[in-house]
């Protein structure tokens, strides 16, 4: 069975190229991206001078090769950066200077740039190239929902029988810590991902997208199955995945989105977006250490006492890493784990960076942490600033704002976990393009390129959509591909 895993992983790049030959390019990107994340094995092979060859890097290589060789309309070679790309550029380049300042050498610095370029830069570039219009966003959202539907029976199986599908198909188990797969007296599914937390975040973001497109009437059905059935099924499965934090984040973002729809109020979304850097500022400066928080949660909510202990563990280790990074605050300690060489006697272990933010701060300092969350948060913020509430919730624009919504869920999860997902980085790239090229001063219809046959039906005013907004009337200007590379806010 292990040979199956090897064959699937090494054969994925040519298979992606085949996808570009047999289906429209944009759909090939969606199928390759989501299909690899959901179903490919958890394998990693060392490659000289390059990041490990995994399902993430294999997919990025395959899509970029397909774009260069088989899709001349992708315009990879003519790509021009915009101002909104600066945070991603800083995130990719800054590890070089972290390596230099820590005497790790030019070779290590160059290797760090290559690693960040492939694991973060390429997915972001894919999003910038292929998800630029409302129709592109709808294709992405449809891929997300189909992936969620395919995962429902697999999750339910593992919830009942225990997480062993990966071992059944590929011959090995990616996680052997059974304490991590038991929650609330039952099993937490892993399916083909590295950890149950990844599955939980995937299903909650899929549930959020399903609910949003259902309530905005952006999509009536998928393959003939009504959204009124699909939405509740995915939501219930997400809850049964037993990822408490992800479910809470789903609820927070959904309340904020519904406030825009029914109350014309964007304040809650602004609070979420600005609340994240404020929280990080408090943590990095030591103004908030979390002292007493876990104890209070455990006393007020006794069923959550175990989770409160886990929270205290995270806070203590984060505080230790933050304290060590004060020694090199600007660029951190580099990528060899020196930031985490802090011994905590109460846990009899060295510091463990459970959260992506504290890992970014420890390795890249203030510059690394700022660039990471800037490239994640600026696109949804720009979109929110430029769009009116009615535009935000219109059937035509709901897939775009749905992409922004799942980005926020992902970013908030990164404040507590290190569960990076290339699907969300692609979404960030797409929202970056759409946000930067958005204007209200005129309406311009954009015909999708290589769209392929529709997967779903869209809502209209006659079938329950918004009375004053037609799903066929774009309320924003998304420039055609040939004109999309303009500065931030360039459309006037």
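Cβ atoms are placed via backbone N, Cα and C, with glycine included.
Keep in mind the model is a prediction, meaning the values are calculated, not measured.
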Among 178-196, 197-215, 292-310, find the range that TrEMBL records as transmembrane segment.
197-215
Between 113-134, 267-288, 311-332, 333-354, I'd like to know which one TrEMBL lists as transmembrane segment.
267-288
Other than its close neighbours in sequence, what residues sit by the transmembrane segment (365-385), given a CB gap under 8 Å and a spacing of at least six beyond its ends?
84, 87-88, 90-91, 94-95, 97-98, 124, 266, 269-270, 273, 276-277, 280, 284, 325, 328-332, 356-357, 392, 400-401, 404, 407-408, 410-411, 414, 428, 431-432, 434-436, 438, 488-489
If we skip the immediate neighbours and take only residues 6+ beyond the ends of the transmembrane segment (227-260), which ones have a Cβ under 8 Å from one of its Cβ atoms?
145, 148-149, 151-152, 155-156, 159, 183-184, 186, 188-189, 196-197, 199-201, 203-208, 210-215, 219-221, 266-269, 271-272, 304, 307, 389, 392-393, 401, 405, 408-409, 412-413, 416-417
Mind checking which residues reach the transmembrane segment (29-47)? Cβ under 8 Å, same chain, six or more beyond either end.
5-6, 8-9, 12, 16, 19, 23, 53-56, 58-59, 62-63, 66, 126, 130, 139-140, 142-144, 146-147, 150-151, 166, 169-170, 174, 191-194, 202, 421-423, 426
